[in-house]
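Worksheet: one structure, shown below.
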Amino acid sequence: MFKLAFTLTLCLAGSLSLAQHNPHWWGNRNTIVHLFEWKWLDIAQECENFLGPQGFAGVQVSPVNENIISAGRPWWERYQPISYKLTTRSGNEEEFGDMVRRCNDVGVRIYVDVLLNHMSGDFDGVAVGTAGTEAEPRKKSFPGVPYTAQDFHPTCEITDWNDRFQVQQCELVGLKDLNQSSDWVRSKLIEFLDHLIELGVAGFRVDAAKHMASEDLEFIYSSLSNLNIAHGFPHNSRPFIFQEVIDHGHETVSRDEYKDLGAVTEFRFSEEIGNAFRGNNALKWLQSWGTGWGFLPSGQALTFVDNHDNQRDAGAVLSYKSPKPYKMATAFHLAYPYGISRVMSSFAFDDHDTPPPQDAQERIISPEFDEDGACVNGWICEHRWRQIYAMVGFKNAVRDTEITGWWDNGDSQISFCRGNKGFLALNNNLYDLSQDLNTCLPAGTYCDVISGSLIDGSCTGKSVTVNEQGYGYIHIGSDDFDGVLALHVDAKV
């Protein structure tokens, strides 16, 4: 009897973890955008006016729970919780719930960045949060939850990143480290996440997951409610989980400890795609992209060119500040069938601590748009760059097809097909790409969605004529604005 019960428990845990890899997208949609630090009302409008019509699958939103108020309002104050009240600079609970409903109604799922590892760091005296809650972080006193010192791990500093105890039980950059093995802490975290599920979210990005024991996270995830069917989720749907685990391949705490619980952020993807499109690796090597590079299996990998953290660091990672290679890397990211794709939508920053665009009263301001739909008032909005949102459409058009017809020049000019539905060419050399290439597409004329759009049957950019054999003449000059060309069956003239 015990053996049977144990077996059933294992089977249930396994089925739940598999379900937590499902992002619950509508139809053929398959790209998430991180609208970093946007207000809830603005996200609702963006879902209705842009993301839904352009075929985006979901939005990762900034942390929703009350946070400490820091001088100058740096972005990272959102990662210093003070309670689980849903009031931040992005809005209150009513506005959040309205946003989730409106986005779900147009087929755009919401994934919340959640902080389960810690509360805020030290603060002199009494700290006040964005909902007016008081706390004394130095004493580990957070009455808004409530948490007291007994709910935290003993105070210690991470000095050795190869020491599992330090990584998972000491304080990450001074943030008060919760004890997730405590029944009380578990109950409060589950209560918080379940409330968000009731409001209609599709899942969670789990911040600092590697700093929590995988067995504690497994307990928390498996205890969560199913998704809310009132928001269009099928019965018994589990929340999509993707976990921040920074693993460069030599970490004591490995990404592999978390990959069966949900998807894992594949940071090596970000680093290597940056290396390639900065010219440090020939693009020809990308033919084996994905698991051939030692990355996680596709369905377990959350992939990105940059995120809100590493875009602020020095190194190979690309960001909006290098627009041509960034757009090329993003085009490859969205065209190559590997991973669960997320694109970044940033605000301009000059240093690591730059706050989001704000007014004189330190209130976040709404993005404004020019006549072409681009953001103009401190918001970068990469997701509104034509070269990026067009590739979201490309990814939708070629869903469930494989790579065929790979071509390269032995260096950094490459092209490939996605079945007979799409074609991508890239030129990262200092000389032109001018070649008859197999597009694998049916005969006809196609609009290059990178340089223009198909409007009323006419292409506003380049077009390529494909012959009966599937070949077309492809030209990408070394000094072209974008360095990439993309064709697909939904952009046939």
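Cβ atoms are placed via backbone N, Cα and C, with glycine included.
D207 (active site, nucleophile): 19 other CB atoms within 10 A of its CB, across all protein chains. DSSP assigns D207 (active site, nucleophile) to coil in the three-state reduction, outside any helix or strand. If you look up Swiss-Prot, you'll see D207 marked as active site, nucleophile, on the strength of similarity to another entry.
Residues annotated as disulfide bond in Swiss-Prot: C47-C103 (among others). C103 (disulfide bond) carries a helical DSSP state (H, G or I). Around C103 (disulfide bond), the C-beta neighbours below 8 angstroms that are at least 6 residues distant in the chain are I43, A44, C47, E48, L51, G52, V59, R109, I110.
The 10 Å shell around the Cβ of C170 (disulfide bond) contains 19 further Cβ atoms across the protein chains shown. If you look up Swiss-Prot, you'll see C156-C170 (among others) marked as disulfide bond.
Swiss-Prot lists C375-C381 (among others) with the feature disulfide bond. Packing around C375 (disulfide bond) is summarised by its Cβ count: 21 other Cβ atoms lie within 10 angstroms of its Cβ, all protein chains included.
Within 10 Å of the C-beta of C440 (disulfide bond) there are 21 other C-beta atoms, taking all protein chains into account. Residues annotated as disulfide bond in Swiss-Prot: C417-C440 (among others).
In three-state terms derived from DSSP, C447 (disulfide bond) belongs to an extended strand segment. A 10 Å cutoff on Cβ-Cβ distances gives C447 (disulfide bond) a total of 26 other Cβ atoms nearby, all chains included. As annotated by Swiss-Prot, disulfide bond applies to C447-C459 (among others), with the evidence given as similarity to another entry.
Sequence annotations record features per position, and here Swiss-Prot assigns pyrrolidone carboxylic acid to Q20. The Cβ neighbour count for Q20 (pyrrolidone carboxylic acid), using a 10 Å radius and every protein chain shown, is 23.
According to Swiss-Prot, the feature signal peptide maps to 1-19, an assignment based on similarity to another entry.
For D309, the entry in Swiss-Prot reads site 'Transition state stabilizer'. For the recorded site, D309 (site 'Transition state stabilizer'), the DSSP three-state label reads coil.
Of all the recorded positions in the record (Q20, D309, C440, C459), the one with the smallest CA separation from C170 (disulfide bond) is D309. The shortest Cα-Cα distance between C417 (disulfide bond) and any of the disulfide-bonded residues C156, C375, C447, C459 is the one to C447. The disulfide-bonded residues recorded for this entry are C156, C375, C447, and the Cα of C156 lies nearest to that of D207 (active site, nucleophile). Separating the Cα atoms of C447 (disulfide bond) and C440 (disulfide bond) is a whole-number distance of 15 Å. In this structure, of the disulfide-bonded residues C156, C381, C417, C459, the smallest number of CB atoms within 10 A of the CB marks C156. Between the CA atoms of D309 (site 'Transition state stabilizer') and C459 (disulfide bond) there is a gap of 38 Å, rounded to the nearest whole number.
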